[in-house]
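Record features (TrEMBL):
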TRANSMEM  21-40  transmembrane segment
DOMAIN    24-304  domain 'ABC transmembrane type-1'
TRANSMEM  46-67  transmembrane segment
TRANSMEM  140-161  transmembrane segment
TRANSMEM  167-189  transmembrane segment
TRANSMEM  256-276  transmembrane segment
TRANSMEM  282-304  transmembrane segment
DOMAIN    342-561  domain 'ABC transporter'
Amino acid sequence: MKPRSTLWPVLAALARMAPRRLWLGGALLALLTVLMGMALLGLSGWFITATALAGLLPATAIVFDVFMPSAGIRLLALGRTGTRYAERLVTHDATLAVLAALRERLLRSWATPAAALSLRLRPARLLQRLTADVDALDSLYLRLFVPLLAATGATLMAALALGLMRWWLGMALAAWLLATGLGSALWLARSARRPAVRRALALESLRARTADLVAGQAELAMAGTLAAHCERIAALDARVAEADAELHGLEARTSFVQGLCGALALAGVLLGVGWLAEAGLLGAPVAALALLLALTAMEPFAALRRGALEAGRSWLAARRLAPALRDGAAQGACEPAAPRQGLAVELEQVVAPRAAVLAQDIRIAEGERVALLGASGAGKTTLLSLMAGELQPLAGAVRARRCTWMTQRTELFEDSLRDNLLLACPEAAEDTLWAALEVAGLAGDVRAMAQGLDTRLGEGGLGLSGGQARRLALARLLLSPARCWLLDEVTEGLDARTAADLLVRLDSAARGRTLVLATHKLREAQLADRLLWVEQGRVVSEALRGTPPFEAALARLRQDG
């Protein structure tokens, strides 16, 4: 895949993520800052030289106007400071706007079932995409687009100023600067592409291996592979260091070439203006102005060097993230279509990709409570995944109202209790949060904590017991506006007393809502009005409350311990 064909669609997508006035205004402010710096240095050189010459004779010293040039110098100095501040403000505003939109776009795209499953199997890849790859795309604007515009503008200004003195002088300077400045940057981008890609790939593998070491150090030691794993990490670290050394070498050579080309450009301008001054066609102050403009015109290309060095990493990131940034990539619906009137969930001849079996038609009315019963691996969780839209069927149709899913594993983030609750309802007031905690039976425990709702949890909810974590998940469930609740082994891992209390609270809170439970426990199934027995992905029987088959189905379930 060619870099150009990969980068342009990504650049177009990034440009649409921030207001044009921000990213274009920031680039223009950066250009204005460079131009004012060049004008400041050139005018200062002209003023110093002209003042020195005027001071040679008393008559010229008296009539020489020092006020206008000095006022211009002050204006340019203050203006350069102001534009530099404004440029930093606007460019960072544009960058942060792009970052926010980019991360939201990526998360929406990766929330589709297929993408989420792929990334879940390789969490190191997800980490790389959200950190290193996003940073690489982020640098395209600040380290490539803005310096390129500034360098081109500086070259044109210097060429115009020298062209007003003699056209051939301006043309020669412009051709030299563009050929050497842009040429060296292009050479660096092409030469650094392979080592930059090697470094990015090695760094991703290094992160994955290190994460495996941290998470499974005990298992690796018991298996006798800890030393080998550490050796692989050391080898990957050496590969990263080797790529870094190669990149630093390329940057150093480019810096030397740009410095040499800048010195040659300055020498050429010096010879040209010296010849013009010797011929009486140019005054000494104007010659000093030309020299200083040529000196400063090469400086913006140094800022472009860093962007060229990282072009390979940016190309790799663009190739990885391009599918997620395509139009419509984030529109993959995770929620099933709405069912017919009066129904909350409707499955018609669905073939699940994991179990690859045909499920019977399932219809669940609004406000109905249904329990999916069966042994582990029977397909209960797969059916819940289909209802929630987390799994797309290979065939058949799934239609469901908006559902919220309380999975068997309690998923809590390394954040405050408040932020974990607000995931379900971001606009919920504090009183609403406390009310949900009260219903879940966790309010007393949270009030006993020193920081209350602002208490921070560790990784995976560290800091809460299993029962507390489950109650927090229940409180989050209560905050969801969805009218259909999907519950997967909701009391798994809890002691009998905690589980009984949790189910009583759940029974009370779920009044008027549709409830679908996947369970093989008696205490959970007793909440249901209808039981569906699942075997190998098929609903083989069903029973309504108050009928003998209902009691018979309950009798087959595991007794609660």
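Our numbering is plain: 1 for the first residue shown, then up by one each step along the chain.
From the backbone N, Cα and C atoms, a Cβ is placed for every residue, glycine too.
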Mind checking which residues reach the transmembrane segment (256-276)? Cβ under 8 Å, same chain, six or more beyond either end.
162, 165-166, 169, 172-173, 176-177, 180-181, 184, 282, 286-287, 290-291, 294-295, 297-298, 301-302, 305
Top partner of the transmembrane segment (282-304) among 21-40, 140-161, 167-189 - counted as Cβ pairs under 8 Å:
140-161
Could you give the residue numbers and ranges of same-chain residues that sit at least 6 residues beyond the transmembrane segment (21-40) on either side and whose C-beta is under 8 angstroms from one of its C-beta atoms?
15, 73, 76-77, 79-80, 83-84, 86-87, 90-91, 93-94, 97-98, 141, 145-147, 149-150, 153-154, 157-158, 293, 296-297, 299-300
For the domain 'ABC transporter' (342-561), what is the mean per-residue pLDDT, to the nearest integer?
85
